[in-house]
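Below you'll find the structure, written out as structure tokens, and then a few comments.
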Amino acid sequence: MSQVRSRSRTEESNRPGAWQAWGMAVQINPSILSADFARLAEEAQAVEGADWLHVDVMDNHFVPNLTLGVPVVESLARATDTPLDCHLMIADPDRWAPQYVEAGAGSVTFHVEAAAAPVRLAREIRAKGARASMALKPATPIEPYEDLLPELDMLLIMTVEPGFGGQAFLDIMLPKIRRTRELISKHGLELWLQVDGGVSASTIERCAEAGADVFVAGSAVYGAADPAQAVRALRTQAQGATAHAAWACDH
Ligand code: DX5
Ligand code: ZN
């Protein structure tokens, strides 16, 4: 059930390429954190062609910033055909994450640092019909979570400290992206690897080369004169880098 619902339109309409022959589609997810919150429906439409709309939920506890919650996600889900990728930067996701599935999110990401029972939570998100995803802050290593990976549809590696858009990309996260891609390959998983924070024209290729295949971009998309064009340009860059990446050629 979650498989059908989660398939993004771009996966079906992407131009053919080497990565696609192996089932590796690049996905670009604009973050509405950098959009105009008073015009969310229009801002969602401004990135037609994006794979998912990345929705940052912040509670002023887990991160020092406050954004939006379940009612806004419900309205946004009605206002756009683009599936919603909800990134929960909140305390107690065990309690709140299922409500975001009910609100219409196609993918729900919780932070492992905040979850009391990540396996139970991932299973609950999947059982409710969404893709289950787990996020790691920059100081959280991937290695302790190797055995949890089969429970997940996506892993999010933060490439800035979560809380704000427009921060500088942390290059020191590239080895973690590489190691995570190796673990995904080692276990033969169909797990998407998302990067979030400071992803732009000048950093997206490094992320793709290291092994990411889902790219969140806030200021690089909504700060551009033409957000839809910025999505296309980022996709072209990521596809080019993926086609030449060692991790993608190994398959
Ligand atoms: C940061 C958020 C990101 C943010 C990224 O905590 O999780 O999704 O919107 O913004 P940029 O792309 O501007 O770094
Ligand atoms: Zn985010």
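If you go along the chain as it appears here, the first residue is 1 and each next one adds 1.
Cβ coordinates come from backbone N, Cα and C, glycine included.
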Open item on the list: Looking at divalent metal cation binding as recorded in TrEMBL, which candidate out of ASP153, ASP171, ASP196 goes with HIS54, ASP56, HIS87?
Closed with: ASP196
TODO: Taking only the Cα atoms, work out how far GLY198 (substrate binding site) lies from ASP56 (active site, proton acceptor), in Å, as a whole number.
DONE: 14
TODO: Kindly point out which of the recorded positions ASP56, GLY163, GLY165, ASP196, GLY198, SER219 have a C-beta less than 6 Å from some atom of ligand 2.
DONE: ASP56, ASP196
Task: Shell of the substrate site beyond SER31, HIS87, GLY163, PHE164, GLY165, GLY166, ASP196, GLY197, GLY198, GLY218, SER219, same chain only (C-beta within 8 angstroms of their C-beta centre) - done: LEU33, SER34, ASP56, VAL160, PRO162, GLN167, VAL216
